[in-house]
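As C-alpha cells, the structure follows; a few thoughts come after it.
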Amino acid sequence: MLDSKLLRGQLQEVADRLASRGFSLDVARIESLEERRKAVQTRTEQLQAERNARSKSIGQAKAKGEDIAPLMADVERMANELAAGKAELDAIQAELDSILLTIPNLPDASVPVGASEDDNVEVRRWGTPKAFDFEIKDHVALGEISRGLDFEAAAKLSGARFAVLRGPVARLHRALAQFMINLHTGEHGYEEHYTPYMVQAPALQGTGQLPKFEEDLFKITREGEADFYLIPTAEVSLTNLVAGEILDAKQLPLKLVAHTPCFRSEAGASGRDTRGMIRQHQFDKVEMVQVVEPSKSMEALEGLTANAERVLQLLELPYRVLALCTGDMGFGAVKTYDLEVWVPSQDKYREISSCSNCGDFQARRMQARWRNPETGKPELVHTLNGSGLAVGRTLVAVLENYQQADGSILVPEVLKPYMGGVEVIR
C-alpha cells in the first residue's frame, strides 16, 4: 500500500508514475474525497473548540447562579454534530483506504518503461541451449515413455491442470525441492520454515493478493467461521510472519525459505499452456523471502536473484534474466527480475522464477517495522520475495534438457545424491 501522504502531497506525480504501469488513478475522485475530508476535519475542530468554550461557560454560569439550560443544550447539540462529523470522517477514510488497497506500487526509476512483456529488457544469459541430433520430445511425451507423468489419472481425480507423478519422476521432483532447500539453507543463509497452506484474508491483504486478485485464489468458505484461502505462494505465509512486529536492527536481514504446494485458479489463463505441467492449479515451489533495512533492499534484490540463478547454474540449465518493464511488473513490486529457463520443445525461454523488491508496500499493509538505531523510532521494513525455484517447471526443464534419443532422462549430477542410485530414468 502506498503512503497516503503521497496522495495528499504529490497526487499528480503519483498518477503519472502509475500511468507508466498502465494503471489509471482516479485523481478527481481522490481530490474530491480529500477536499471533503479537509472540510469535515476543519468543521470538527471548530466544533470541538466551541464545545470546549461552552463547557467552560457552563462552569462560570453555574458559579454565578445563572440558568445553564441553554448552554447545556448547545453542548449536547455540538456533541451530536461532533459524533456525526467523526462518523463522516471515518467513512471518508474508509473509502480512501479502499482505494489505496487497489493501487499498485510505484516503479523504481531504474525500471524500464513499457506496456507489456514485449518491452522487458534482457540483462544477461547463462549457458547455451543444447543442439540435439535427434527429434526432441516434450516433457509430456517423455513422461509417457517412463510412465512417470499421468495427466489422465489426474483428470479423473481433479479435472484439468493437475498431474500425477509416479516412480523415478516423482522422486526426481522431490529431489529438486530437497536440493533447492539444501542449497538456500546451506549456502545462501536462509532459515527453513514449514508454514500453513491455508491462510485467512488479512494475510493475503498484507502481501497484496487481496482485495484485487481474489478471483485468482481458491477460497474455502466455512459457515459461522472465517474463510480460508489456499496459498498461491509461500510468500504470503513467510512474509506475514513479521506482520505487526517491530524488529531489532540486529535481526535484519531476515532470510526465510519454504517448500510448499501453491494453488492458483489461473482465472486469466484460459486456453494458455493447457498441455503438460507449465501451468497448473497445484504446483510445488521453493520460495525465498527477505526482510531488510530500507537502504539495503536494492542490494538484497541482486543477491536474491543470484540465489535463484545458482539453482539453474548447478543444474546446468540454460537461462536468461529479464528486467521487467513497468507494465509487466507484479502489483506490489518496485522492481522485478524474471528468470526464464530454456525449454527445448518450445524452442524458447519460459519463466521459472520472479524475484521482486516490494519496498515498504507490503510492510505498510502489515505494519511490519524495525527500530532504527539512529532515531530510536519504529520504521517500515522493506520486503523481497523470489522463487527459488518453481519445482514443476524445473522438472519440465530437466526432463527436456536431459533427454536422450530413446526417451530416457539422465539425472543431473547435483541430483544424484537424492536419487538413491538412479542415474537414468527410463
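If you go along the chain as it appears here, the first residue is 1 and each next one adds 1.
Each Cβ is built from the backbone N, Cα and C atoms, and glycine gets one as well.
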L-serine binding in Swiss-Prot involves THR233, ALA234, GLU235, SER387; of GLU187, GLU287, GLU340, the partner in that site is GLU287
CB neighbours within 10 A of SER265 (ATP binding site), counting all protein chains shown, number 17
Same-chain residues at least 6 positions away from GLU266 (ATP binding site) with a Cβ under 8 Å from its Cβ, in sequence order, are ARG161, ASP216, ARG279, HIS281
For L-serine, with binding residues THR233, ALA234, GLU235, GLU287, SER387 per the record, max Cα distance (Å, no decimals) returned as 9
Other than THR233, ALA234, GLU235, GLU287, SER387, the chain contributes near L-serine (Cβ within 8 Å of their centroid) the residues VAL236, LEU238, ALA258, THR260, CYS262, LYS285, VAL286, MET288, VAL289, ASN385, GLY386
One finds that other Cβ atoms within 10 Å of the Cβ of GLU351 (ATP binding site) number exactly 15
Within 10 angstroms of the C-beta of ARG264 (ATP binding site), the count of other C-beta atoms across all shown chains comes to 20
